[in-house]
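Record features (TrEMBL):
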| type | residues | note |
| --- | --- | --- |
| DOMAIN | 1-27 | domain 'SPX' |
| TRANSMEM | 132-150 | transmembrane segment |
| TRANSMEM | 162-185 | transmembrane segment |
| TRANSMEM | 197-214 | transmembrane segment |
| TRANSMEM | 220-238 | transmembrane segment |
| TRANSMEM | 259-281 | transmembrane segment |
| TRANSMEM | 293-311 | transmembrane segment |
| REGION | 349-370 | region 'Disordered' |
| COMPBIAS | 359-370 | compositional bias 'Acidic residues' |
| TRANSMEM | 396-422 | transmembrane segment |
| TRANSMEM | 428-450 | transmembrane segment |
| TRANSMEM | 459-479 | transmembrane segment |
| TRANSMEM | 485-508 | transmembrane segment |
| TRANSMEM | 553-577 | transmembrane segment |
Amino acid sequence: MNAIGLRKILKKFDKRFGYRFTNYYVKTRANHPYSQLRQVFRHVGIGAVVGAISRNLADLQDHQGNYVSIYDQPALSHPDPIVHSIKAAVNKLSNSTNFLEFLGKHAFIMQDDLRSPSEDDVAEQRYHFMSLLLNLVNTFLYMVNTYIIVPTADDYSLSLGAAATVCGVVIGSMAVAQVFSSVYFSAWSNRSYLRPLVFSSIVLLIGNTLYALAYDLNSIVVLLVGRLFCGLGSARAVNRRYISDCVPHKLRMRASAGFVSASALGMACGPALACLFQTDFKIYKLTFNQETLPGWIMAISWLIYLLWLSISFREPPQEIKQDIIPQEVRAGTVVNYAVENGITQPLLLNTQPKQGENGDQEYDDGEEESCEKTRKPVTSIVSAYRLLTPSVKVQLLVYFMLKYAMEILLAEASVITAYYFIWSTNSVAIFLACLGLTVLPVNIIVGTYISNMFEERQVLLASEIMVLIGILLSFHIGIPYSVPQYVGSALITFVSAEVLEGVNLSLLSRVMSSRLSRGTYNGGLLSTEAGTLARVVADGTITLSGYFGVAKLLNATLVPSLFICISSIIATCFTYNSLY
């Protein structure tokens, strides 16, 4: 109660000051020897409270132990959820870090508030630092693999006799395959983490090799098949599940922030590496130039990663589910079984029996199963969709919009800049790399300052409006199109979309059902599917717009972005009061 009360008082100070005073207060006083704040963190007192509550609950359930003092059994392996909430209140206050929390939410690894300490102990046993590092490296390499071809995709298409705008299909084919791979990798991670990562590495090795060989084979089909293979190797669902299931709660926010940082770094490094491939030579019949080298380099990278994975990854032990009540347990012993096996129930159950038809005492099945239903993961995409409230659907629409706008900007950059400004591959690569490098600084500013001064829903709406302004400034109407106009509008669109992504996922994690925090069809999978679908539609739009000619490509691709952005703003305004 003291911890919760103190948090509420500090929250009021934050609102009055317009600055996150909580961070300063906790950091300067948590370890000071004369600070009264340390009394809140006295774990001996917390342990006494836990022991007292646990003992009295056991007495009320006719399970009085033989211990004399509450200190003989200060901690239980399966404590009551109210006891768990006491500890959580202290942890939330003592681990008050703003930027890590904001950055970690980009990964959209939903936190399970009902996770018990026994499950945390299981996560401690399953955690392995090198395995976590390998998951983060997988994330980094995949993002590099996605964006390393963007500066040269149009030139590669022209080399194979296709139009430059076919680069939309070349880039988007990877996202098309990822729509399906995310589902089966998420399901596969229920049974194993090593095998899907090995499979992913092999498929990506094959895909990049095919992508590089397409030049000498003079086949656009081989090029597209190679990119499809790369999409089929997307193991981001496995990376998320490993962090969610195998990283202890105290480290999960840092691991989530690492996941986002690895993605951002890969997004920036991909185009930057394209600058280094300005060469042209042959070894036997294989050509190595700026079009094929991204494929060869990534194939070698995945081969090295596969060897490292085989040597260093440790498969975590399978999690044993202990929270399912067997059908053979009689109704009269349901409560006792629940207490002994740690099923999350609020203090004491309503265990008043009712008379059955044959005179026996029965218990309401709803009381017996209500908590299990609230924690049971969904089993299909249809069931997951039914759990989505109108506010969640709006947040997913906003996520679709920002991913669509970003993909249009990045995927057509090489074609647009070559047509209007005659930029070289190096210039495009440097431009895209600079955009990618803004991700972490922008999140530092938003997570440390902007989120302290404004409510998240206000930042959400303002970011959507800024994305709209960036799109409007990108149109080519009347006056000659200039480099400052293009770069300025692209920077506004990209940075605003980055701010919008963090705030949107933060709000989405609050309004999404807790049943989507685990299982195959989890919240992370839904957000991934929404973002991947946006990329597919955006890349398809670029290719279809190419039929109108390169001169009309820019405006033709911006019109759908403008329409989707306006629709998301209207939807956000209608659900403004339901976002919290």
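Each residue, glycine too, has its Cβ placed from N, Cα and C.
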For this session: Could you pull out which residues elsewhere in the chain have a CB under 8 Å from any CB of the transmembrane segment (132-150), counting only those six or more residues past its ends?
Result: 156, 170-171, 174, 197, 200-201, 204, 208, 211, 230, 233-236, 238-239, 242-243, 246-247, 255, 258-259, 262-263, 265-267, 269-271, 273-274, 294-295, 297-298, 301-302, 305, 308-309, 312-313, 410-411, 413-414, 428, 432, 436
Exercise. Would the transmembrane segment (428-450) count as touching the transmembrane segment (259-281), i.e. at least 3 C-beta pairs under 8 angstroms with sequence separation of 6+?
Worked result: yes
Problem set entry | Most Cβ pairs under 8 Å with the transmembrane segment (485-508), selected from 197-214, 220-238, 293-311, 396-422, 553-577 | 396-422
Exercise. Considering pairs 6 or more residues apart, do the transmembrane segment (553-577) and the transmembrane segment (293-311) have at least three CB pairs under 8 Å?
Worked result: no
Problem set entry | Cβ-Cβ under 8 Å with the transmembrane segment (428-450): same-chain residues at least 6 beyond its ends | 98-99, 101-103, 106, 147, 150-151, 260-261, 264, 267-275, 410, 413-414, 417-418, 459, 487, 490-491, 494-495, 498-499, 502-503
Exercise. Near the transmembrane segment (396-422), which same-chain residues lie under 8 Å Cβ to Cβ, leaving out any that are not at least 6 residues past its ends?
Worked result: 147, 150-155, 164-165, 167-168, 171-172, 388, 428, 431-432, 435, 460, 464, 467, 470-471, 476, 481, 483, 486, 490, 493-494, 497, 500-501, 504-505, 508, 526-527, 530-531, 533-535, 537-539, 541-542, 550-551, 553-554, 557-558, 560-561, 564-565, 567-568, 571-572
For this session: Look at every Cβ pair spanning the transmembrane segment (220-238) and the transmembrane segment (459-479), keep those 6 or more apart in sequence, and say whether at least 3 of them are under 8 Å.
Result: no
For this session: Could you pull out which residues elsewhere in the chain have a CB under 8 Å from any CB of the transmembrane segment (459-479), counting only those six or more residues past its ends?
Result: 398, 401-402, 405, 420, 446, 450-451, 485-486, 488-494, 496-497, 499-500, 503-504, 507, 554-555, 558, 561-562, 565-566, 568-569, 572-573, 576, 579
Exercise. So what's the average pLDDT for the domain 'SPX' (1-27)?
Worked result: 74
